[in-house]
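Undergrad: My questions will all concern the structure given below.
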Amino acid sequence: MKIGVIAIQGAVSEHVDALRRALAERGVEAEVVEIKHKGIVPECSGIVIPGGESTTLCRLLAREGIGEEIKEAAARGVPVLGTCAGLIVLAKEGDRQVEKTGQELLGIMDTRVNRNAFGRQRDSFEAELDVVILDSPFTGVFIRAPGIISCGPGVRVLSRLEDMIIAAEQGNVLALAFHPELTDDLRIHQYFLNKVLSC
């Protein structure tokens, strides 16, 4: 089994490390690979789109042909996790700022996103979050974080902060406004692995 982390931009090594630790906790053998070019996504049983700069990320995904591969994989039921900028990339629709920058969103999740819902880089913060899929609060690390303004009927809201949706899932696709990979808490990566292992 192979799990891929999109490695063209963003917090890549942290996700790779978190996934490897989560797999080790379970005693499951799987390869965690960095995806830097076309052709690797179709081999993966799970895909992670990390945080970073969403405009750059969207452009590189389109240019490298990786974006189309992610769309095809998600349509086949392959679990996909997007964090921070990854939440934006997965969305069907963006706010005016997203439209202005001409970002090519993948449209995998029936969501409309606010690109800088929680401010810019200097407004980074941590918050204790109630997340539906977890039995106790999770420390969310927010860095120039986006948020989900609205979502379609097929989307399950997992967490909110200040009336903004910050975590949601739609079938095999999971999107988070925060960075679970920047904490030692592996529960969200374990939840994602549950999806991967049950496919």
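Even glycines carry a Cβ here, placed using N, Cα and C.
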Undergrad: Which of Arg26, Arg76, Arg112, Arg115 shares the L-glutamine site with Gly52, Glu53, Ser54, Ile143, Arg144 per Swiss-Prot?
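TA: Given Gly52, Glu53, Ser54, Ile143, Arg144 bind L-glutamine in Swiss-Prot, the matching entry from Arg26, Arg76, Arg112, Arg115 is Arg115.
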Undergrad: Quick one, of the recorded positions Gly52, Glu53, Ser54, Cys84, which Cβ has the fewest other Cβ within 10 Å?
TA: Glu53
Undergrad: How big is the Cα-to-Cα gap, in Å, between Arg144 (L-glutamine binding site) and Cys84 (active site, nucleophile)?
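TA: Between the Cα atoms of Arg144 (L-glutamine binding site) and Cys84 (active site, nucleophile), the distance comes to 8 Å.
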Undergrad: Among all the protein chains here, how many other CB atoms are within 10 A of the CB of Glu181 (active site, charge relay system)?
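TA: Around Glu181 (active site, charge relay system), other Cβ atoms within 10 Å: 26.
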